[in-house]
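Mind having a look at this structure? Questions to follow.
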Amino acid sequence: MSDHRTAARVGPVPNESPAPPPDRPSLRRDVSLPALLAGLVCIAVSFSGPLVVVLAAAAAGHLDQAHTASWIWAVSIGSGLTCLLLSWWTRTPVITAWSTPGAALLIGSLGAYPYPEAVGAFLLSSVAVALFGATGLFGRLIRAIPTGIVNAMLAGILFAFGAGIFAELQAAPTLVLGSFTVFLLAKRLLPRYAVPLALLAGALLAAATVGLPLHLGSGGPTHPVWTTPAFSWPAAVGLALPLTIVALASQNAPGLGIMRASGYEPDDRLLVGVTGGLSVLLAPFGSPGVNLAAITAAICTSPESHPDPRRRYVAGMSAGVLYLLVGSFGGVLVSLFTGLPHALIAVIAGVALLASFQGSLAAAVAEERDRDSAVVTFLATASGMTLFGIGAPFWGLLLGLATHAVLTYRRRDRRRQPPRRQG
């Protein structure tokens, strides 16, 4: 009898003909080096850039070192547990992370409230996200979005990473050109190992040119710090409400969209409900929330992690284990990721996402009827704009849907006009 978790979660994948799923999924059989390294690239991207936003938000809230470390511990442990367990349970690459737009929102507002009230706002926001997910309301809204618009949003998100490969040419031409050349050659000769070989070449070139610091920091395991939540109307309105909107619109919506665009059929009730529920438990330790990831998810759901979509869940489990390690020994390992050269992270993330960008862009314009709305979605998302603290993916979806509604309404209205009478 086939495993219902495998059969129910994987939908048809464009341009791929995966082998039928085995009767009993076996982790030992499904493990592959590209999938394990996809998890590593995912974690490197997560901790090399977005972590800086978290540290800036902690500084804006005047948090001491212990509370800052507890914040990093909470979001890392939450992301690790959800990546590991949800990927295993659903047999799909479920990637979660803290909300970078949410952390950016906190930079300007966290210092305006006592920290216990901020923690209370984190708790309220997590409860709201969990309820929206568990009831299925959020999922019904997401499934109503046309596939072309979802793919256009994904292409817009990934555009900056593809362009980032070449934006780093001026700063580190040898590293970028060398890594990209190795990627292309491996793509021709050893396609399954193209990204790992590019990573290896990039590390060697970085060590020889711009330098590759491998300082592991000092200290033992991270100790979480409990903060008893306090509740106030100002914090509920000023923090909890915008955090909830950002979590749903800028994180969970693109996260579900990326999984759909990769051919999976995510159980939105399970994924959003579980991440929201775990965020409730971690809020007193400083976590503003754990959500479905967007950008890093595309690394693990792409064909680069494994040609067979049913074996890519190993990439999600790999990311989960690494999240748990970094969270448990944050003081020791975080400095390793933050010290990596920016050019190395840019080129590896870029080549890892090329296949996803190509597939999503092609799918976005596949239907002539939806091309106008897809183009609007792509341009708005790729612009990187932020309005009212909400990032470009949400506005890209909104503008794309508005364009789709206007054009579709006009066409239907014309078809329904009664014929004119003669005479």
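Every residue, even glycine, has its Cβ placed from backbone N, Cα and C.
Relevant sequence annotations retrieved from TrEMBL are reproduced here:
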{"type": "COMPBIAS", "residues": "15-24", "note": "compositional bias 'Pro residues'"}
{"type": "REGION", "residues": "1-26", "note": "region 'Disordered'"}
{"type": "TRANSMEM", "residues": "33-59", "note": "transmembrane segment"}
{"type": "TRANSMEM", "residues": "71-89", "note": "transmembrane segment"}
{"type": "TRANSMEM", "residues": "96-115", "note": "transmembrane segment"}
{"type": "TRANSMEM", "residues": "121-142", "note": "transmembrane segment"}
{"type": "TRANSMEM", "residues": "149-166", "note": "transmembrane segment"}
{"type": "TRANSMEM", "residues": "172-190", "note": "transmembrane segment"}
{"type": "TRANSMEM", "residues": "197-218", "note": "transmembrane segment"}
{"type": "TRANSMEM", "residues": "230-249", "note": "transmembrane segment"}
{"type": "TRANSMEM", "residues": "270-293", "note": "transmembrane segment"}
{"type": "TRANSMEM", "residues": "313-337", "note": "transmembrane segment"}
{"type": "TRANSMEM", "residues": "344-366", "note": "transmembrane segment"}
{"type": "TRANSMEM", "residues": "386-407", "note": "transmembrane segment"}
Looking only at residues six or more beyond either end of the transmembrane segment (172-190), which have a C-beta under 8 A from one in the stretch?
165-166, 197-199, 201-202, 205-206, 209-210, 341, 343-344, 346-348, 351
Any contact between the transmembrane segment (386-407) and the transmembrane segment (33-59)? By contact I mean 3+ C-beta pairs closer than 8 Å, pairs at least 6 apart along the chain.
no
Find the member of 71-89, 149-166, 230-249 that has more C-beta pairs under 8 Å to the transmembrane segment (121-142) than any other listed stretch.
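It is 230-249 that shares the most Cβ pairs under 8 Å with the transmembrane segment (121-142).
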Where among 71-89, 230-249, 270-293 do we find the most Cβ pairs under 8 Å to the transmembrane segment (96-115)?
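It is 230-249, which has the most Cβ pairs under 8 Å.
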What stretch of 33-59, 71-89, 149-166, 230-249 shows the most Cβ pairs under 8 Å to the transmembrane segment (270-293)?
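Selected stretch: 71-89, with the most Cβ pairs under 8 Å.
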Please give the sequence-distant neighbours of the transmembrane segment (33-59): residues at least 6 beyond its ends with Cβ less than 8 Å from one of its Cβ atoms.
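For the transmembrane segment (33-59), the far contacts come to 67-68, 71-72, 75, 79, 95, 97-98, 100, 103-104, 106-107, 110, 192-193, 195-196, 199, 293, 295-296, 299-300, 302, 304-306, 311-312, 314-323, 326, 334, 337-338, 340, 342, 345, 348-349, 352.
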